[in-house]
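Over in Swiss-Prot, the protein carries these features:
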- GLU40, LYS41, ALA42, SER43, LEU44, GLY45, GLY46, VAL47, CYS48, LYS57, ALA120, ASP317, ALA325: FAD binding site (BINDING)
- CYS48-CYS53: disulfide bond (DISULFID)
- GLY186, GLY187, GLY188, ALA189, ILE190, GLU209, ALA275, VAL276, GLY277, VAL278: NAD(+) binding site (BINDING)
- HIS450: active site, proton acceptor (ACT_SITE)
Amino acid sequence: MQQSESSSAQFDVAVIGSGPGGYEAALHAARHGMKVCLVEKASLGGVCVNWGCIPTKALLRSAEVYDLAKNPSEFGVNVSELSFDLAQAVKRSRKVSLKSSKGVEFMLKKAKVEVWRGEAVLTGSKGVKVTAEDGSERSLEAANIIVATGAQPRVIPGLEPDGKKIITSREALILKDVPESMIVVGGGAIGVEMAWFYAKAGAKVTIVELMPRLLPAEEAEVSEALKRSFEKVDITVQCGAKLGNVAISEFGVNADLLAEGKEPQKIEASCMLVAVGVTGVIDGLGLDAAGIETERGFIRTDELCRTSASGIYAIGDVRGGMLLAHKASAEAAIAVEAIAGKLPEPLSEPLIPRCVYAQPSVASVGLTEEAAIAAGYKVLVGRSQFAASGKANAYGQLEGFVKLVFNAETGKMLGGHLIGHDAVELIGELGLACRYGVTAEGLVGTVHAHPTLSETVREAAFAALQSKG
């Protein structure tokens, strides 16, 4: 039954979507004493908790444990009859996701955020209609609305997913069996992580990336190191290439591989994972009714996450830019502070850390050397290999390095780039250094615990100082 306009529930803030941006916005607004409603049509936590960050990392951990167990004798451990159980890995992954989702539910309840289940449609700049799964409807009005609906996999014409032969990252998280072979279209973060997981699980994997290298937004040296590492474990990497004709049969997928300056080549696999980016979840949201402008599949906003409609904000993936959960969380705080009448500091995208969780893992923050030079900086660069680290040697994980980029004139850090086992865990220090302009001397003068991988950061800073002559 449709409620009348006069019976609409009243809130200070309504949040549409419960991913890292949405639930953080709701919690932050509640801490400000605002009456908050959060609307979610699926599981609390959004894609990140249920079909993205969290379950992916759980699967990657399973593959990492399996990989370590395949070579245990060096560590004095004897293992026999080793095998990889994908069903159990998926089961654990789903359990981890469910626990995280329940955690979000607990936090919202504790903060007295009212959660409405259903599909939200904007009915104006202040109104939202929510349709529950059973078809029942109710309405709310809010002084401010935050749209945090996230994003969904981009579909390429001719590569429409069928959930079996052509899949997205969502299906890749719950496959029943390890495919004999897999073509991964896209060498970004999702493609790289899924390629590594399924290769370690036993599939023969080929990555096809249109750009000249894997992780094209990252430091070139890091991308090349990752490619070499992947090729050592028999992952075929085809960069500067695209797919031509794609055919599906009962046996799998075959396609023409097209690379500039090379003859077309036939490739085939049991299935194909398409991971070529995402587009904002905006269809059916009622953006026109609210007067909200979009651009290339995302909601257009200013630096404080304000849309073209007064009182409506957009945060996270639906806003575009870097598609990262922690960026969404940071934008949640910005939007709520703006609603509260504060003057929040706009987010600087270069200072947002980027992480890729294959092994070796990749992490970066700030400018690459190339970008810094292009921006007009004179740079000072320092590098240090993890192979020189006592901790890395003790763990038998020698791959990778740290590369730091400094402003040669001021000495302040401009960017930090890492590749190595669990290198992502070091990015916090580098993010802090970039944000506050820490110098190479400052990093060297900071005592780093021994033995830790973080000592490699200090050694890279020391190398930069030595290069000054």
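From the backbone N, Cα and C atoms, a Cβ is placed for every residue, glycine too.
Sequence features, as recorded in Swiss-Prot, placed on the structure.
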| residue | record | CB count, 10 Å |
| --- | --- | --- |
| GLU40 | FAD binding site | 28 |
| ALA42 | FAD binding site | 14 |
| CYS48 | FAD binding site | 27 |
| CYS53 | disulfide bond | 22 |
| ALA120 | FAD binding site | 26 |
| ILE190 | NAD(+) binding site | 24 |
| ALA275 | NAD(+) binding site | 24 |
| GLY277 | NAD(+) binding site | 15 |
| ALA325 | FAD binding site | 21 |
| HIS450 | active site, proton acceptor | 10 |
**Message:** Let's check the environment of GLY186 (NAD(+) binding site): how many other CB atoms sit within 10 Å of its CB?
**Reply:** 25
**Request:** Would you give the longest CA-CA distance, in whole angstrom, between residues of GLY186, GLY187, GLY188, ALA189, ILE190, GLU209, ALA275, VAL276, GLY277, VAL278, the set recorded as binding NAD(+)?
**Result:** 16
**Asked** Ranked by the number of other Cβ atoms within 10 Å of their own Cβ, which of the binding-site residues GLY46, GLY188 ranks first?
**Response** GLY46
**Request:** Would you mind reading off the Cα separation of GLY188 (NAD(+) binding site) from CYS48 (FAD binding site), to the nearest angstrom?
**Result:** 17
**Item:** Rounded Cα-Cα span from CYS53 (disulfide bond) to GLY46 (FAD binding site), Å
**Value:** 10
**Complete:** Quick note, LEU44 (FAD binding site): same-chain residues at least 6 apart with CB under 8 Å of its CB -> SER18, TYR23, SER101, VAL104, GLU105, LEU108, VAL115
**Max CA-CA distance, Å, over listed FAD-binding residues GLU40, LYS41, ALA42, SER43, LEU44, GLY45, GLY46, VAL47, CYS48, LYS57, ALA120, ASP317, ALA325** = 30
**Request:** Specify the nearest of the recorded positions GLY186, ALA275, HIS450 to ALA42 (FAD binding site), where nearness means the distance between Cα atoms.
**Result:** ALA275
**Prompt:** How many whole Å apart are the CA atoms of ALA325 (FAD binding site) and GLY186 (NAD(+) binding site)?
**Reply:** 20
**Prompt:** If H, G and I count as helix, E and B as strand, and all else as coil, what does DSSP give for ALA120 (FAD binding site)?
**Reply:** strand
**Request:** Consider the recorded positions GLU40, CYS48, CYS53, ALA120, HIS450 and say which one has the Cα lying nearest the Cα of ILE190 (NAD(+) binding site).
**Result:** CYS53
